[in-house]
Each structure stands twice: as C-alpha cells, then as structure tokens.
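Inspection log for the structure reproduced underneath, given as structure tokens.
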Amino acid sequence: MLYEKFEYNINNLIGNFSLSKISIAVSGGSDSVALLYLANIWAEKNNIELFVISVDHNLREQSKQETHYIQNISNSLNRKHYSLSFDHQNNFSNLQERAREGRYDLMTNLCLELDILVLLTAHHEDDYVENFCLRLERNSGIFGLSSSNINWYNNIHIIRPLYNIPKSELVEYLVSHNIKWFEDESNSSDKYRRNVIRQKLAKGADYIRHFSKPVYREEFKGDTERSTAAYTSVREDASTGTASKLSLEAKCGKMSKAAIISQQLKTNKRIENEFKPELISAIAEAVKIFEYGFAFLDLVKFDKFSNEVKVQIINFLLIIISGQSRAARFYSVEPILKLITQDVNFKNTLHGCIIKRIQNELLIYREFGKKLPESKILLDKSVIWDNRFCITKNQEAPNCFVTHLSLKDYKIIKKQLDLEPLKNLSCKNHNAVLLTLPIIKILEKVIAIPHISYYDNDMWNFEVSFSPNFVSRFTHFC
C-alpha cells in the first residue's frame, strides 16, 4: 500500500520530466531511510540511476555513524553514495536555518556537478502540519502558510513525494521490513517550538496556537475587497478581507491535526488557483530584469495586483538582484509598499539592494554596503560570482580573478569605457550599476569588463550571464 501511494505521488510530481538519473537526500532518520528504499524500488522499475547524498553537519557524534550506515545501505542497493560536510565555523547563532541553507547548497551544487535535475527529500505529512503551525505563529501571509511539494533551489527541482504520508506509516514500513534507522536526540528537546508542536500532535492532542505577536498588522490603504486582513490569510472568505482577532483565535487558536491538514489544503488550493497565476502574470507584465543584474518594476501595472502578490513581487526582485537565498521580512517590505502608494520619488536600501523610484518605475540594483563580494579565482572554465553572475573564460588566462570595480580602477580606465548602452537602459544610473558588475583582473590590472565589452587586449574573451541562485516555491528564474 505504501509503495503504491509513493509511486503515484512521484510519478505525478515528476510529470513529463525525462530522467535517466535522480538524487535523494538521506540523513539516517526513519523518514529518509524509508524514502531511500521506496525510491530504490521505483528507480529499478523505471531504469533510473539513483544517487544517494548525505550531509554531516558536524554537530552530533552520532552523525558519523548515520552517514556510515547510509553508505552501507547504498552499497547493498548498488547505489552511489556521496557524503558531504557542512562547516558551521563554530558559529551557533541561527544554526538551524544556516545548517538548512548549507545543506541545500552542498546537495544542489553536487547535483549540478553530476548533471542531475531532481533531488528527492523526505518531507512527510507531519512536517507539513508542523510548518503550518509555526508559520501561523509567525503571522505568515497566505503565501507563507501555503506548502508546495515541488520547489526550486539553485536551479535544481526539489521534489517531496511523501507529502501526504504520515510518519507513522513510514515507521511501520521500516519495522515490518526489519530496517534500522537512527533517532536524532535533538528532536525530543523542548528547546525548539517545532518539537513541542510535534510531541502534542503525536499524542493526538490539539495544537494550541502560541500567540507571541499581535495577530494583525495595519492594512494597506485601498484594495479592500482583496486585502489580506494584514497577511494572516487563514480566513476562508477571501471576499470580505476582514476579521476580528477574536474570530481568528476561535478559528485557529485550537486545531486538531485533521483540521490543520484541511486548512492547509484549502490554502494550497487558493494559492494554486488564484494567487500563483496572478503572481506569474504580474512578473510577466510588470517586471523587466536585465543582464546587468538590475530590474525595473512598472508601478502602473503593479498597482492592479493584490497586496499578497505585491509583497511576493518585491521579494522576488530583492532575492534575484541581491543574490541572497532568503526573502526579506514583511515588516521590511511594508514601508516600501507604503512609499509606492504615496506617488513620490524615493531612494531606499533594503536586503542588499538600492530601491529607487523614477516616475512610474521602480529601479532595483545591487548594493554591496560594507560587505563586498568575495573575489573568485578563475581556475576552472567558469565561476559563480556574488551568487548572481556566471563568468566563463574561453581561453587560458593564468592568474586572473573575478571581483568588483573599485573607484580607483574606474578612474584609471574611465575614458576607455563605452557606457552609453548601460546609461540608456538604467535611466542614467549607469555609474552605480557599473560598480556592481563583475570584472576580471590580473594582479592589480583590469583586463576585462565583459558586460560592456571592455578588454585591454584582443586576446581576451570572457562570457558572462546573470544566473542568480534563486529559491522559490512559487516561480522559477532561469
């Protein structure tokens, strides 16, 4: 029964993908070990090569045993196993989030090296329930409360074929097949809110919402018919757009697991049928992204979309232009949206970007601030710089590296640069944008700025493309 459900899920999620190989993330816990055995059956049946990936976060002594165990299972199944290591650098602040990002960076980079398009992960039904509860407590909007069984990370398709399978079924499968797994001791700690929620739901108790913050924020002016009720978005009637704090607590303050799953499905359906199509339309109609790594937002077209989608659009652009993997918080985006409604020109910094209003357009370009992007040596044929640009060398260029243009370098080569095309495209913000572009240097000399076709010698030939490490559950950048 379990395999049939898994097979139906994975075939539906993969759809028309023509795959000869696929990767799977396995930690040693019951969820991922069960996924490994299920995926192995499916891969054999469909003649697909399966690559097993484990990441050691170097935080628990047991993790080495887990990795060794997964390697042994992989060998017994005749599957290639890759063991990766996350370096936490003895920095334990916000460790869970950094470890998650580091894990996905490592795994997806390996997938790119192996020319694999899909990575399977073991997120199951209980994980989705816990995520919904946590996001509800953070006052997430409807996009935040929704869940997805497919998303993108580093241009790799992340697929979750266990999304509607409870953990109990996975454990039962392992026990019935006499398969061993490891329990992470940190999962029983009350230190993390997720664990508290998990333990309550596991006992069949109702989830009781922890109200750590005010439930509602001030709504934006206008757009009342489809307002987000300040982005809590758990209401069932989208047309009213208003609800009292008391009614929301009554509705979501106490919920059974079944009620949470039901609410999650309703939220997902609304996203899929209403907001996701609107988001895609908004990007197509109102957004222009240029190879120089900046973007324009048409504010006249932007104005017609719902507030939920407006927040997503701003975050979409901030992530792409900054090269960061995480979205800005709502409270950071809210002032920008309010400024837009005031119909006056402004210039702000947010999330590693400059946001500048020019008449009826919003220009967004990179801002380094105090943290300059790391220089990259061009040892291989290509390199990713600032998480945004891919630079490729088409000839031998020893001792060259990619960095940004300093004011000192700019003054030296200024008269040799043709900035007219960039000037026209950026509404005369060419100098600011120029300083955010990748340049190639040998020692202290600038030998190339590929974006503006500057080369100090005809022998050089470099290609550059705007390829941000974009992460989204709702849309994809390529």
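Each residue's number is its place along the chain shown, starting with 1.
Just so you know, glycine gets a Cβ as well, placed from its N, Cα and C.
Counting only same-chain residues at least 6 apart in sequence, those with a Cβ under 8 Å from the Cβ of GLY28 (ATP binding site) are SER54, SER63, GLN65, GLU66, THR67, TYR69, ILE70, TRP181, PHE182. Following the DSSP three-state reduction, the secondary structure of GLY28 (ATP binding site) is coil. Taken from Swiss-Prot, the feature ATP binding site covers SER27, GLY28, GLY29, SER30, ASP31, SER32.
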* **Output field, ATP shell: CB within 8 Å of site CB centroid, site SER27, GLY28, GLY29, SER30, ASP31, SER32 dropped** => VAL26, VAL33, ALA34, LEU35, ALA122, TRP181, PHE182
* Looking at the binding-site residues SER30, SER32, which sits with the largest number of other Cβ atoms within 10 Å of its Cβ? -> SER32
* Counting only residues 6+ apart in the same chain, whose Cβ is under 8 Å from the Cβ of SER27 (ATP binding site)? -> SER54, VAL55, GLU66, ILE70, ALA122, ASP184
* Structure fact -> Other C-beta atoms within 10 angstroms of the C-beta of ASP31 (ATP binding site) total 23
* Structure fact -> Cβ neighbour count (10 Å, all chains) around GLY29 (ATP binding site) is 18
